[in-house]
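*Asks:* I have a structure here, written as structure tokens, and I will follow up with some questions on it.
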Amino acid sequence: MIVFVFIGGMIGALLRFQLSKSLNDRSLPLGTLIANISGGLLLGSLLRMHDVMIMPDWLWYLAATGFCGGYTTYSTFSYEIFQMFEDGKRGKGFFYLLLSILATLVGIGIIWWI
């Protein structure tokens, strides 16, 4: 199973890297925000599928543990907030913190309740 986690994680991390490289700017790390929200939606979908039907273990490890784990990134998210605080942009940092957490939770919840 570790191979599936590795492959999924590699793909997820590369996609997140590309999103961040393409969309992050100095005002708001939009690429990371999109990765966390869409990753939350995907993980919610996977959880729902896992809950209502049989999902092969390899697919769960590839998609949920590997891909979503590599794609969503709260370590980068935390660093970006820290940088905003360091740059004296505390209001923007708190806004980004709340927006990211709430939007990700809402994304998981929407998929869960569909």
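Just so you know, glycine gets a Cβ as well, placed from its N, Cα and C.
TrEMBL labels come from automatic prediction, so no person has curated them.
Okay, these came from TrEMBL:
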type: BINDING; residues: Gly69, Thr72; note: Na(+) binding site
type: TRANSMEM; residues: 59-82; note: transmembrane segment
type: TRANSMEM; residues: 94-113; note: transmembrane segment
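Give me the local environment of each listed feature.
*Replies:* On its own chain, Thr72 (Na(+) binding site) has Gly12, Arg16, Ala35, Asn36, Gly39, Gly40, Leu43, Thr104 as residues at least 6 apart in sequence with a Cβ closer than 8 Å to its own Cβ.
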*Asks:* Go through the chain and flag residues at least 6 beyond the ends of the transmembrane segment (59-82) whose CB is under 8 A from any CB in it; none is fine as an answer.
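*Replies:* Residues 1, 4-16, 20, 29, 32, 35-36, 38-40, 42-43, 46-47, 50, 93, 96-97, 100, 104.
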